[in-house]
Amino acid sequence: IYKMTEDEKVEFYEMGLDDRILQAIAEASWSNPTPIQEKAIPLALAGKDILSRARTGSGKTAAYAIPIIQHIMHLNKVRSLILVPSRELSGQAYRMMEQLTKSCSRDVACIDVSLEGEPALLKLPDVVVGTPSRVLAHVRAGHLSLSKIEWLVMDEADLLFSFGYEEDLKNLMNHFPKTYQAFLMSATLSEDIESLKKLMLNNPVTLNLSEEELPMMDRLTQYHVFCEDEDDKYLLIYALIKLKLVRGKSLLFVNSINRCYRLKLFLEQFSIFCCVLNSELPVNTRCHVVEQYNQGLYDYIIATDESSVVALNAPEPTTEPETKKKTGKHKKKKFAKAKEYGVSRGIDFQNVSNVINFDFPQSVKSYIHRVGRTARGDKSGTALSFVVNEEMELLSQAQARLSGNTEDQVMKPYQFKMDEIEGFRYRCKDAIRAVTKTAIHNARVKELRREMLNSEKLKTYFEENPYDLKVLRHDAVSRPMKVKKHMKNVPDYL
């Protein structure tokens, strides 16, 4: 196990990297390597197998991407395989490689097999990114040979077993050469990780970063605010957004899919438009929502810990009916473990200024993964949790876990006088009453039909017209609703 002391700080320019990689790093505005990058990149360049544990958002993707690109630029016919647990995460890894090879794209070719197939693979790209099932399908079809790979990466490795890819990984092992350098990157060191370590690694260096579960308090400010009842929650979220007390891009978390749409329909009546991440929608839609949110097209996404968004990370269908039948129960059992994480794990929401827990999370682990979506890298962020009487015990558990043995409260009380926004209460009550169970059901059905149509009919069109894809929006009003002027704007007297 490798531990690093303060006097071992290493800058990017001291790692012996190609100038074109340094140029890409500069263009990405990465002034200094993150702790995992400081430790992992020199070891990887030295040819060591690496088992790494570092929290989400710590820069793990670049920690393996940079040394792989460095080697590829100076060798011929090099192959690298990057395995991830979902199509969305596959796209993220591909975009990181694309960003880092911007100045050397003629020398380093990378493809995402979730999006491209046989024609792209026939060009023998240097780097292949994909889920184990998709990669195995191409290997069995004869489109891809792994016999000469020199680098193997398993990103978000703790989710690979959780999502039921164990059999696919074992089958892929039969196609690897005897020797290769491997990177196993994970947010946790679980029993599954130990199994992968024995299966894939050879005498690895283990990097177990002794870091806080959340960013430091000087970058992440955490608050909680007590609400007497549900009506207070809706009143408060309305006031925070309309009075611009919350600025920048925000993630709003609730505890069920229905509550996602209830909050969306409520906000729409005040011309506050937002998107819902919902597993019922096509995966292309969900990935596109995240991509456009990262590009700044939307300010608000409503999400939940339950399976509404875990399917963004969900495993693709297995490559063979036999395997599916054989491992179905196993996959179901394993996948259940990951449900709690929902949108909190793996998905790279960029430049999130605020995380608002409209419903307090049901476990401390869920709180940590939700709030960890903001204050990533060297950026700052704010987390605000609404708490009703029934959730006070959950708040106490989270405070105790995050504060450790100290008496200091990590989540400070949010100083907000509810009586100062009482003038808005009648507006909010009228809006809440309009959001019936029928309205929620109709909104879910309508959005599903619309996005299914977009996904199927427009898939080919958008491949030929990528610009039009950029203007396709997913925050359309969920049901025909007349927005009155007095609801849209805040009068001067209020």
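Cβ atoms here come from the backbone N, Cα and C positions, even for glycine.
Just so you know, TrEMBL annotations never went through curation; they're auto-generated.
Motif 'Q motif' is the annotation TrEMBL gives to one range among 10-38, 39-67, 97-125, and that range is 10-38.
Outside the domain 'DEAD-box RNA helicase Q' (10-38) by six or more residues, the chain places 4, 45, 52, 54, 58-60, 62-63, 66, 69-70, 73-74, 99-104, 207, 209, 211, 377-378 with a CB less than 8 A from a CB of the stretch. Residue counts for the domain 'DEAD-box RNA helicase Q' (10-38) by DSSP state, with H, G and I taken as helix and E and B as strand, are 16 helix, 0 strand, 13 coil.
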